[in-house]
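Participant: The structure follows.
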Amino acid sequence: MNKLKFLIILFITFLFNLKYINSLKQCKISVLLSGDWSDMGYNYQMNNARIKAESALNLEMSLCYKNLEVSIDLAKQAIEDSIKKGANFIVISSSVHTSIGYEYARLHRDKDIYWLIRGRGRPVPDDLPKVAVINFNTHLLHYTLGLVSGYLTTSGTVGFISPGPQILALANSNSFYLGALASRKNVTFLNAYTGSWYNPEVAYKASQMLISNGADFIGMSQDDMSVQKALMDSGKMALGITGFSNRLIWGSDIALSYITDWSDVFIKYAGHILNDTWPEYTDYYTTLAEGGSLLFDTFSYRVPSEVQKLVSLEIEKLKNSSYQPFRCNPMYSQINLNFDSNGCANDMEFKNTKLLLKGTDISKTINLGLYTIPIEFVDYSNSMKLGLTIVSGFCILFCIISMVLVIMFRHAKIIKSASPIFCLLILFGCIIIFSGCIIFSLSPTDGICGARVWLLSIGYTIFLGSLLVKNWRIWLLFDNPKLKKRSITNWKLYPFVAGILAADVLILALWQGLGDIRSESRIGIDSLTKYQYANVCSSNDQGSVALYILLVFHGIKLLAACFISFKIKAVDIEEFNESKPIASSIYIITFCLFIVIPLMVSPQSVASQVITIVVCAIVTTLISISLLFGSKFYMMATQGLALNQTFATNTKSSSFSLSLEKQKSKSNGLEFEDSDESEEKLPQIKNYSNSEIPNLQHNHSRLAHFSSDSCTSAEQDSKLDLENQNDENEIENNQNNQNNIVEDCQKVEKLEKDENLEKDENLEKDENLEKDNENQSIIQKKRLSKNFNQSEIDPDDV
């Protein structure tokens with residue numbers, strides 16, 4: 001029986017506790033912030049209060065929405081999302097969203113949802129019993145900091161930055177001015193607007209404007225410290241006006257900070273919800289009194305002790321809510337405010353005024369209005385432009401000096417072999433390239449966008465085109481297996497250079513005409529802010545296609561240069577062989593392309609792209625001309641000019657062809673065809689006395705001088721000596737390796753004695769050699785060998 005009674009009592013107790021637990025309300029906080037909770041200011045303090053309340057009351061969770069000032073729609077979405085997630089205590093922390101808070105409070109008035117809304121008064125009509133209004137008395141805080149500014153200013157000018165009358169009335173601006181006026185009677189006050197609670201860039205720039213006008217202390221109604229950062233960046237002391245203890249971050253640079261602690265407010269009203277004791281139609285007024293959510297931090301040691309004492313005395317007075325020097329001042333009659341019986345401006349008129357006080361006889365106020373950041377043009381840095389211009393100018397000077405040297409020493413053997421006129425064309429093309437680099441470093445305009453591509457492209461075309469054509473001639477002369485007489489003058493080569501240049505100009509014209517090449521201003525590129533812009537070159541899709549074709553065209557020229565470099569690598573006369581410089585130049589250009597192309601594709605700033613292109617153009621061009629001409633000038637300096645000397649070779653890597661014709665009526669010796677300085681021709685051989693053509697044992701051909709010594713068939717070796725009878729004739733005997741020219745030649749038929757020959761000698765005849773019985777000159781084909789004597793070529797112009 002006793003057990004039954006005990007169980008009944010236990011069951012009743014359980015039901016009672018269960019009913020009590022169910023009767024307890026839950027509280028889920030949702031805070032709407034105008035800015036970011038990491039601003040170390042007002043939004044940070046609000047979010048910090050949410051966290052403290054959640055911890056103090058053991059709440060399961062709470063919500064926070066940030067950066068809602070950007071859009072009213074975002075604030076509405078945040079409220080709807082909060083209600084959807086079960087929040088029943090919604091805090092509207094910014095006066096920007098006051099009306100939205102009242103709107104949704106009315107929309108959900110029948111629901112068990114409570115509201116804490118920052119505003120300047122209760123809603124009209126006041127039909128929202130579950131709404132508590134925070135009256136944030138910032139005026140006394142700004143008055144105090146204005147007092148500090150008036151004491152500390154050295155310029156006599158202070159300023160204030162606020163969102164503006166369309167967002168926030170000018171009560172804070174007037175309060176700050178009255179505080180500064182209380183400590184300095186002749187103070188000058190500057191006022192400016194940003195149009196927003198949170199716009200760091202505009203606030204910073206507006207502060208710089210006030211500083212440039214003499215302000216050394218600036219108050220503000222902003223959610224971050226951008227204004228004070230501008231002061232500190234200029235070497236001045238700042239004020240802590242965000243509700244956070246800013247000295248914890250910036251130390252002694254902060255003269256004084258006010259602090260807001262909203263945790264007591266959050267805990268108080270959340271407790272009312274949990275205990276079901278919500279006070280209807282209430283207002284919360286912030287004060288400097290104990291528990292009033294407002295207090296001042298400690299002074300910086302840089303603030304004089306006398307100033308600290310004076311300000312501290314004023315703070316003690318302000319703890320009495322009846323002491324309101326920021327509102328009770330006869331100067332408000334300047335802006336037609338009404339006064340109460342205590343001599344203070346009407347509270348609502350004071351809080352809502354959009355007019356700035358006019359100052360006194362010795363103190364003036366200047367309203368600079370809404371500040372907007374001017375759109376700033378950002379050009380390439382002067383150091384970049386100056387550096388690229390100087391380097392390019394030095395390279396142009398190097399090319400000009402090289403051109404002068406080529407002209408002065410055009411008769412030197414090493415310069416003749418390189419064709420002076422084409423050397424000048426190559427250097428001229430390089431000058432155009434370096435000029436294009438200078439243009440490339442300038443700020444883009446419609447003209448510059450086209451000119452820089454034209455100059456670089458035409459410069460490379462003249463440079464590579466001249467190099468290709470002049471070495472193509474070397475290849476043709478040395479690669480002559482049929483021993484044809486070839487006369488390739490400069491005038492025959494000019495059309496090829498002109499043709500390559502014409503193709504380049506045609507592609508460029510298509511690019512210019514179809515591509516809509518222009519300079520346009522863009523914002524938001526690279527590291528630019530939304531208030532900065534830069535000029536960039538642009539084109540349409542057709543222009544891009546034409547540009548790709550142009551790149552392919554230049555790529556083909558590089559491949560052609562590779563091919564010709566390979567074909568002339570066997571030329572054994574050093575003065576003619578430019579295979580190594582050409583190959584090295586191509587390697588360098590290709591290497592730079594492997595650097596440039598990935599960099600151009602990868603994200604990088606426009607300035608970085610310009611630097612990459614220009615530096616690669618300068619490096620490749622400068623190294624190329626250094627390889628081509630540096631070695632020539634060095635040989636001239638170390639080995640002499642070698643004027644009117646012959647070219648010589650004693651290697652076996654090249655073969656030369658010689659056309660021999662019998663001339664019966666002329667004297668013995670070697671005769672060359674007449675030619676101008678730019679013409680290359682093969683020599684012609686006249687009558688030979690007491691000579692025979694030797695047996696070609698090594699399957700090589702060469703150009704040699706025939707002597708009058710007899711040769712026997714037993715020796716099978718002859719010494720050949722060709723005597724030059726015409727010093728004015730100009731030739732270029734250039735041929736490539738020909739191993740198969742004389743493989744079937746074992747013996748050469750004996751030459752019929754000329755009337756001037758003194759004796760005949762018989763040579764062994766090869767069974768496989770055709771006889772020439774018509775007393776004609778026999779074509780001699782010989783290749784140089786290490787075992788043969790040295791050959792000589794007359795060095796006129798090649």
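Backbone N, Cα and C define each Cβ position, glycine as well.
Residues or ranges marked as N-linked glycosylation site by Swiss-Prot on the basis of sequence analysis: N186, N275, N320. According to Swiss-Prot, the feature region 'Disordered' maps to 752-798. Among the features that Swiss-Prot reports, signal peptide is placed at 1-23, with the record citing sequence analysis. Sequence annotations record features per position, and here Swiss-Prot assigns topological domain 'Cytoplasmic' to 410-419, 469-494, 567-580, 631-798.
Help me picture these features in the structure, burial and contacts included.
Facilitator: For N186 (N-linked glycosylation site), other Cβ atoms within 10 Å of its Cβ number 12.
Taken residue by residue with DSSP, N275 (N-linked glycosylation site) is part of neither helix nor strand, so it is coil. Sequence-distant neighbours of N275 (N-linked glycosylation site) (same chain, six or more apart, CB under 8 Å from its CB) are K25, listed in sequence order.
Under a cutoff of 8 A between CB atoms, and with a sequence separation of 6+ in the same chain, N320 (N-linked glycosylation site) has no neighbours.
Secondary structure of the topological domain 'Cytoplasmic' (410-419) per DSSP (helix as H, G, I; strand as E, B; remaining residues coil): 5 helix, 0 strand, 5 coil.
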Participant: Restricting attention to the topological domain 'Cytoplasmic' (631-798), give the mean pLDDT.
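Facilitator: Here the predicted model's pLDDT, averaged over the topological domain 'Cytoplasmic' (631-798), is 41.
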Participant: Reduced to three states, what secondary structure does DSSP give N186 (N-linked glycosylation site)?
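Facilitator: The three-state answer is coil.
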Participant: Please classify the secondary structure at N320 (N-linked glycosylation site) using three-state DSSP.
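Facilitator: N320 (N-linked glycosylation site) sits in coil per DSSP, no helix or strand.
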